[in-house]
Amino acid sequence: MSSSNASLYHHISKPATHMLPHYDVIVVGSGYGGGIAASRMARTGKRVALFERGKEKWPGEYPEKLIDAAKELHISKNNKDYGNRVGMYRIYLGDEQDAVVANGLGGTSLINANVALEADENVWKMGVWPEEIKKSEIKEAYDRARHMLQPNPYPEDWPELPKLTTLEEQATLLGYKDHFYRPPITVHFKQGVNNAGVYQKASTLTGNDVTGVNDGSKNSTLMNYIPDAWNHGAHIFCEIDVKRVKQNKKNGKWTVFYEWLGDPRCKFCSDFENSNFFVTADVVFLAAGTLGTNEIMLRSRAYGLKTSKNLGKGFSGNGDVSVSMGCKDPQGFQKKVGPCITGIMDMRTPVDNVLDGFVVEEGVAPAAVGHIFKALVKTSSAINGKKPPDLTFSYKVRKNWRQFLTPFSGLYGGALNHTQTYLIMSHDDGSGEFEFKNDRLQMGFKGVGRTSQINHLNKVLEEATHKLHGTYIPDPIWTKVFKNSLVTVHPLGGCNIGKNAQSGVVNHKGQVFKGKEGTEVYEGLYICDGSIVPTSLGVNPFFTISALAERICAKAAEDYKWKIDYHEVTKPIDFEHPLIVHETPKELIEQGTRFIENEKGGLLFSEVMKGYFSTEITDCEYGDEAYHIAELQAKTADSTMSFLISIIAYDAETLVRMENHSAELFGTVTCRALSPDPLIITTGSFRLLVEDTNSVDNCKMMYDLDLLSSDGEKYKFEGYKTVSNALFRKGWRQTTTLYVTVKSDKGQIVGLGLLHIGALDFATTLTTLKSTAPTFRGRLANYKRFMNYFCGRMLAHYCPILLPLKYPEDALPVKPFKKLTQTETYKVHAKDGVQSLLTRYKGNGKGHHHLKGPVLFVHGAAMTHEMWTTSLLERTIVDVLIEDNYDVWLIDYRMSPSNKASHEQHTIDSMRLDIAAGVDKIREITHVEKIAIIAHCVGSISTFMGLLDGTITGVGSLIVSSVGMHPTLALFNSAKAHLGLAYIWKYILRQNFFDMRTSKKTDIFNRMLNQMLRFVPVGHGQICRGATCHRASFAYGLLWRHEHLSQQMHDHFGDLSAHVNMTAMTHLLSIGLKKKLVDAKGGNVYVTQKNIKENLNFPITFIHGDKNAVFNPVATKKSYEVLREINGPELYKRWEIDNYGHLDIWWGKNSHEDVFFRVTDHLRDTTSHYGYQPGHFQRLADNIIHHGDVK
């Protein structure tokens, strides 16, 4: 980065810890709308705060190299963010419409192209504007903005710019000479003090306007409106991401909820996002840019703010198009490229239809992205370039030679030295839309790049390019591959200005309509940025946005009878002494100076704790036990509490010495029992390991917080953690448990609670530790001093695998969900005499004659049929099918713990006999030719074995999960198989069974095993304390992704499973090693081309979790591919479920949404291949009448 101008300007923003709890006016955003609102409101004498999402950067601090620019990149997709959240450049990737905006003090004005043109008069005549907007008012507003922004055309006596000359030549060749001129641009061409009192240098013609100009010549709002606001007393806060606004129903004031992105608390991710700070104001101006304001408003609506139904609709990309061309050699281009835009072909008039107007401007690639642009131009030229038809041979040689030299010729050499960039503003139909899903802004504009207008503009520019023998290169993403998407740097609309709520979101004053119809507005809530513009403008929009903002501010001042002082400043701004200073509370001044006064510096870190809080238990008479009782009571009511705080020790040495009040706190407490919104900590103190004089060798960590709710209620939060040598083995639990008492501002106890910190949260806390010492050596000394003390005493207790195991006895009692009672059971016998049990549930839909199915469910290893019907889950796949009137059958074959044969040794082969017997019995009872089967894990393997060798017949539809004909073990299971652990267990340890169940009272061998199984490797984030879970993971691999299971399911799944015989287990591992089905002797009797062709030529669907730690997804993929290869693709489908494991496919909390529809779709789509066909029951009744009962 350049630093030549860094010393010219002083940073004027304050840290968030200096924020007052209330302001007269809060302005959100610092672009044109926000900068103007802050300046004008500050000039009324009111106490104003301006919030900006990005950082404060002045000329001299902007990136000029690619590596620095990359660090400032923030990419937002509809479902995820990438990069630096406070980076200067933010790219939104939407549906067929992308957008580029800026974060930073000054907003997008930091990186715009400077062109300050008024909207065409015909645009103002469009019917979308309220009639209250008078021409005289807009003219006055334009003049006020012009005075502050000081736009000027590129001077005639300045160096000739080849790109400007080229555009003028093209205009002449196209017959548009009269439409070409040099537009006014917000660039200083003479050094001196501007109209806001800020010193600016003259432009050095670097062309870096769209990445930030370091020479101080760019008239962004950072150089005028914003310092003017600061000079008139406004408080400016950066790295403040406003999330939503809410009006207090009692007093009408506005609450602004925000995240402080400069706070180390943000490393706690989801906890941070759900623990917003807030500040209140009488008046709020939303000017966070079109995308930012729409997101704030849509989130506010989701939280209860009543708005027009038009919110988010009417989004326009302003008809933006960017293209490049290769042209004749402009000498000297690499030296003085000039401001980004200096010339224009203005085709807005005369036109029959205002929407046919457009402007063409020349541009330039800034230095920071020049090399990328060079590569992009070369690639796009080769792939998508449109060459002129009449190039001579010599010209082609020269052109190819330039392209060859491009990689070796510096930033502006080679082909880039012969490239002209066009920037086009036109019109679109404004049918884009913003939506709010998953707490994120979703942007889309279907068909925006496929309109006749866009095609026409590209044709015009192609003709202009060819007239100069250039190769026309359209926007690289304007291709079919990318759905002819477009990129806009001028997003508009979504909060459109309108006559009423039926036609817009705000009125002509920028006031937000209150509800879906009518003209009633919220008092004190204004929007004044590009989001209110109700149409594309066909030209750079910032000047019109500025005019609208100026008018809105004037109208707001009139409404509140405030007077805006429009007088010019008479002397340059003194950046150390603003013109107006509002009185600041003494404690904030002291906080601001402590870091400076302490040369050794301090420490700050963040912490999150979560738990339960009871307002029913308020008596502390029983000491710590009272808090545990309160926790139990709160759990029954699901009354939760959490806090996310940052701890500031202004002196690291005093923190270690444990002086009283040696550390201060700020942050938020979230507790629905106290407030529907997070409570902010107005003041707070933290004392680390204070000696407890009432106990021997005890000490406490003390938390004292003053809380303020969004409705004005005040509370006192008192918390402590106890550390006792007598209970040193419980060190982790003690140091991560906070006993909480909350009192009202009158001293009455409101409630008690217990909060805890998790291991991962503690690890995150360590990453937030930051020293404020001015030197590297000082910071290192502070880290060492603190970490030696704190970690030396506590780290041994912060290892999760040393926590006590959780046994079934520790779990909360089961709260079963109500299920249907079974209707029928049948005993069936396999050919070898083994008995199995069939359980039948008949659908409860439209009656017997509309019964669907039948469908047989086949469970996995060591499971009962209740794996499909368990009352531990609110909704199972069986529930879904019964509701849809399916005839559901479930089998407990010989591996089911409820089958007495499970206590004997069996191979996997033998289980196919049970399934065959079950299928035959179902067909006999239902009189259908074929049934459907849904099988899981070992049940899938056995089913495939029986189908392949013909043992199982009468199946017309099949759904299998997690494994097919080609079992491929996941990593851990593969390692077990190669190490022969199953054989060791069976033949050396002489154990015929392995039982997943365990308890605290188990024998010494299994107790030792349980302790060893703590170390069974599982995936990232999947460590738990469940002993039963550990045993199951050892036997099969991790059976689920823990995030998908309910606590009840995880704690009590042992009720559905038991022992597995080792003969079957060794057979299973043998199959896994060979990666296909083999019999117990290893013979390939199942997976043959003949068997597959003859016996599996019916619909089969495979379902597999992509994070399955039992069988690798290849296990079903291979079978799926083989089936398609042999029998064709029509009958087979395979679904890989994102972020699911093995059993959580069926047991997950959201399986009914993520998985079950795949099952019902398959059963519905394959109805003709199995089950009750049309007329089945009538034919059955006729047979009974004519021939007697059908057996």
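Yeah, the Cβs are placed from backbone N, Cα and C, and that goes for glycine too.
Database features (TrEMBL):
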{"type": "DOMAIN", "residues": "24-56", "note": "domain 'FAD-dependent oxidoreductase 2 FAD-binding'"}
{"type": "DOMAIN", "residues": "95-313", "note": "domain 'Glucose-methanol-choline oxidoreductase N-terminal'"}
{"type": "DOMAIN", "residues": "478-549", "note": "domain 'Glucose-methanol-choline oxidoreductase C-terminal'"}
{"type": "DOMAIN", "residues": "854-1148", "note": "domain 'AB hydrolase-1'"}
Top partner of the domain 'Glucose-methanol-choline oxidoreductase C-terminal' (478-549) among 24-56, 95-313, 854-1148 - counted as Cβ pairs under 8 Å: 95-313
Tally of DSSP helical, extended and coil residues in the domain 'Glucose-methanol-choline oxidoreductase C-terminal' (478-549): 14 helix, 18 strand, 40 coil
For the domain 'Glucose-methanol-choline oxidoreductase N-terminal' (95-313), mean pLDDT (0 to 100): 91
DSSP helix/strand/coil residue counts for the domain 'FAD-dependent oxidoreductase 2 FAD-binding' (24-56): 11 helix, 9 strand, 13 coil
